[in-house]
Amino acid sequence: MRFTATAAALVASSIPATLGQHVRDLSNEKWTLSSDALNHTVPGNLPSHAHLDLLKAGVIDDPYHGLNDFNLRWIPESNWTYTTDKIKDLMPIEFCGKYVASTNNQYRQYSFDVSQILEGCNEDPILKIDFGSAPNIVNAIAEDRNSPVWPDGIQQTYEYPNRWFMRKEQSDFGWDWGPAFAPAGPWKPAYIVQLPKAQNIHVLNTDLDIYRKGQINHLPPDQSQPWVVNASIDFVGSLPPNPSMSIEFKDTKSGEILTSKRIGNVTVSGNSVTGVTVLGGVTPKLWWPLGLGDQNLYNITVTVTGHQNQTLAHVTKRTGFRTIFLNQRNITDAQLAQGIAPGANWHFEVNGHEFYAKGSNIIPPDAFWPRVTEARMARLFDAVVAGNQNMLRVWSSGIYLHDFIYDLADERGILLWSEFEFSDALYPVDDAFLDNIAAEVVYNVRRVNHHPSLALWAGGNEIESLMLPTVERKAPEEYAKYVGEYEKLYISLILPLVYQNTRSITYSPSSTTEGYLDVDLSAPVPMVERYHNTTPGSYYGDTDFYNYDSSVSFNSHVYPVGRFANEFGYHSMPSLQTWQQAVDPEDLHFNSTTVMLRNHHYPAGGTFTDNFHNTSLGMGEMTIAVQRYYPIPNKLDSVANFSAWCHATQLFQADMYKSEIQFYRRGSGMPERQLGSLYWQLEDIWQAPSWAGIEYGGRWKVLHYVSRDIYQPIIVSPFWNYTTGDLDLYVTSDLWESAKGKVNLTWLDLSGTPLPHNAGTPGSVPFNVGALNTTKIYSTNIKNLTLPNPKDAILVLSLSGEGHLPNSDKKTTFTHQNHFTPVFPKDLALVDPGLELSYNTKSKTFTVEAKSGVSLYTWLDYPADVVGYFDENAFVLLPGQKKEIGFTVQEDNTDGKWVQGVTVQSLWNQTLEK
């Protein structure tokens with residue numbers, strides 16, 4: 001690489017479109033990868049990881065195959081050098097043989113002035129980046145006598161220990177749903193930028209904050225106030241005195257210019273230039289989440305000019321006008337009068353409207369981020385939209401999501417609850433660590449602030465709800481100390497930094513919290529957390545809930561009653577097709593060594609390769625759940641039996657999530673006024689047992705189909721107390737206006753014959769359900785029904801109603817179907833439904849028909865080498881009923897031949913030997 005010795009900077013991170021001259025993308029350069037662990041070099045790439053380059057060079061097999069997460073540990077335990085910057089891990093950087101800098105935070109953007117080094121460089125410049133072994137580095141830090149030591153039994157180690165000392169993706173060190181590859185490498189792009197003269201700048205980052213006049217993060221904005229735009233640009237270089245700024249908003253659909261104006265109050269502070277303007281006299285179209293309105297977007301162009309009107313910087317970002325607010329305020333007298341229980345709110349409001357948040361938690365989609373493409377994430381987010389989800393909680397500790405992922409969410413109306421990267425651990429609070437965190441927070445808050453999909457900033461995952469109670473239980477004498485450290489990091493440090501860089505987003509110190517008592521931004525601890533200051537009979541905060549005692553999985557009395565459910569779930573196995581991507585044929589049985597050791601629930605707690613005791617507990621939980629509630633597979637062919645067992649675990653998982661989601665959604669009309677359900681978890685990081693609804697590669701589990709169904713706007717739900725026999729039917733709606741209609745109740749035996757007198761229940765029940773509410777439409781006790789044989793009976797519930805979707809004048813017809821059986825599926829007197837499947841080449845749809853009996857959990861499956869989803873799946877099909885079902889192809893490597901491999905089965909097939 002040859003450069004002129006003018007002002008030059010190494011910049012590591014994504015780079016915005018600006019007027020910076022001579023920008024060289026280092027991804028286009030030739031790189032080599034070397035290590036003492038190898039006796040030769042291999043070609044490298046940027047961005048990349050050592051694992052990926054070694055795989056491409058043929059040095060290693062697929063890291064995801066078999067037990068390679070164990071076999072390839074020599075890679076993360078070695079040092080690696082990329083020669084010829086998002087810079088990851090602790091790594092010295094050399095340019096022209098001269099030391100440039102060391103970095104210690106994967107989440108920051110770094111820029112370095114190398115002009116003097118370049119000026120003295122008499123040879124072709126060589127850039128060298130050394131990556132130390134992350135596991136070795138954190139262990140060395142832990143052994144330093146000056147490093148903090150926490151009480152025994154507090155810190156959560158999954159595989160590699162001491163992750164909390166490094167600002168690196170925490171799940172790189174292992175988690176209970178993923179491997180511990182701890183990859184090293186330049187995981188984001190890097191650039192060399194040359195500025196040809198003084199008073200010329202290059203844009204590093206942009207903060208565009210759009211909010212209502214007078215808006216404060218933790219208070220509801222006044223929707224009658226005009227919009228305010230605060231535009232701030234971070235740069236390298238130097239600005240001339242008294243620069244000017246202007247903005248232009250252009251509708252991305254129509255191309256119409258909303259407004260174009262010069263910004264007043266331009267200030268320069270350090271390497272940032274900022275201007276603020278009020279958009280008076282304009283009425284932009286609002287951005288709404290999925291199902292609540294349109295996703296109206298605008299391109300905002302910010303231009304910085306000098307005193308002679310020459311353009312110094314020019315940045316265009318896509319944005320939207322919306323307010324999003326997490327309401328944690330005390331319940332008002334007006335709410336009490338409506339029957340809402342006392343305590344405090346915990347729900348989101350968009351553009352002044354409270355709404356029901358329906359969604360899940362997203363984890364890293366891959367252990368190696370450089371191979372996560374926009375197309376791959378688009379497929380995932382299309383599945384989110386198809387699943388009727390309007391919010392994802394971006395779990396920490398993965399990474400702060402790339403801008404292109406926020407772009408995908410902006411387009412699709414998916415709100416992203418975002419978090420700072422701290423999870424299930426206590427962290428250092430020394431000055432150097434806090435300074436590092438401060439830079440990380442400021443960079444990322446500013447970077448993503450223009451995205452209308454951004455819903456919240458939370459301080460971290462389960463710090464308040466898990467870590468502090470663990471300290472209180474195991475080291476009560478030190479509880480006050482660690483509460484103080486928690487507040488120092490998450491409240492005294494991070495909260496003010498968020499407030500200083502955005503007025504449009506609420507901040508919560510922890511993902512699961514009881515909320516706050518008071519906010520005083522002038523106080524040393526600006527937010528007073530509620531902690532244990534609660535009153536019996538009152539509700540506060542959000543909940544997470546995991547109970548692996550499957551004997552109570554369908555007992556709604558054990559589910560937490562709260563304002564918002566942000567985590568809940570149970571694990572299941574991926575499908576046979578997904579297992580076959582990573583596991584050898586001889587290992588395709590439920591308790592093979594490979595299958596068991598790829599299950600990290602429960603985690604090893606260290607770098608053990610014989611975690612059979614802990615993993616057998618998790619495998620046993622799935623096994624016992626299936627045995628309790630579903631027919632036990634016993635097929636003669638071992639692979640077919642393995643596949644049937646995998647499917648059975650998915651049936652249990654889906655039914656359990658359905659039971660909980662119905663309960664939480666019903667809470668919208670209960671005293672708890674519950675307004676959110678985000679289950680754990682959306683997708684997988686690799687092929688293994690987990691809580692995911694979408695497998696690695698994109699195949700939907702039963703869960704994602706079932707959650708899509710139960711996340712529809714209006715649903716009918718049965719609630720059965722199997723101890724007392726009480727059966728209640730509810731209609732729940734998340735519309736913003738009342739809706740009315742009827743629910744048909746049809747009792748049948750499993751051959752499809754109607755039961756006499758409809759078993760003593762009415763044939764239909766009318767309903768009128770209020771806005772964002774629920775209503776009980778029928779109540780009885782199973783003992784009062786005239787059921788000839790409870791094992792040979794099913795109640796089919798069919799809802800039809802009318803209402804208006806939010807922000808729509810058009811009346812819409814809503815339908816939903818549910819069912820109830822008076823015994824659990826394993827005790828049903830199943831009959832062969834006689835399923836037949838056909839395909840129409842013209843309409844490209846499948847038709848499924850049940851010829852001889854009720855088909856429960858009707859399941860269409862497709863072969864490997866294609867990715868997509870059916871319009872409907874895991875449904876009830878009655879005798880003589882035909883259902884036409886389409887299939888959305890997201891990726892096809894079969895040239896259309898996959899159609900020939902589509903199959904259909906039902907719960908009946910789980911009872912067969914073949």
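Positions of Cβ are set from backbone N, Cα and C atoms, glycine also.
Values in this document were obtained by computation on a predicted structure and should not be read as measured data.
For the annotation N-linked glycosylation site, the record in Swiss-Prot points to Asn773 among the listed residues Asn533, Asn773. For Asn641 (N-linked glycosylation site), the nearest neighbour among the glycosylation sites Asn773, Asn784, Asn909, judged by Cα separation, is Asn909.
Comparing C-alpha positions, Asn79 (N-linked glycosylation site) sits nearest to Glu462 among the recorded positions Asn230, Asn265, Glu462, Asn784. The DSSP secondary structure for Asn591 (N-linked glycosylation site) is coil. The two recorded residues, Asn299 (N-linked glycosylation site) and Asn909 (N-linked glycosylation site), have Cα atoms 54 Å apart. Glu462 (active site, proton donor) and Asn614 (N-linked glycosylation site) are 22 Å apart (CA-CA, integer value). The shortest Cα-Cα distance between Asn784 (N-linked glycosylation site) and any of the glycosylation sites Asn330, Asn591, Asn744, Asn773 is the one to Asn744. The sparsest Cβ neighbourhood within 10 Å, among the listed glycosylation sites (Asn230, Asn299, Asn330), is found at Asn330. Within the set of glycosylation sites Asn230, Asn773, Asn909, the entry lying nearest in space to Asn744 (N-linked glycosylation site) is Asn773 (CA atoms). Comparing local CB density within 10 A for the glycosylation sites Asn265, Asn591, Asn614, Asn784, Asn909, the maximum falls on Asn909.
DSSP assigns Asn641 (N-linked glycosylation site) to a helix.
Asn744 (N-linked glycosylation site) counts 15 other C-beta atoms within 10 Å of its own C-beta, drawing on all protein chains shown.
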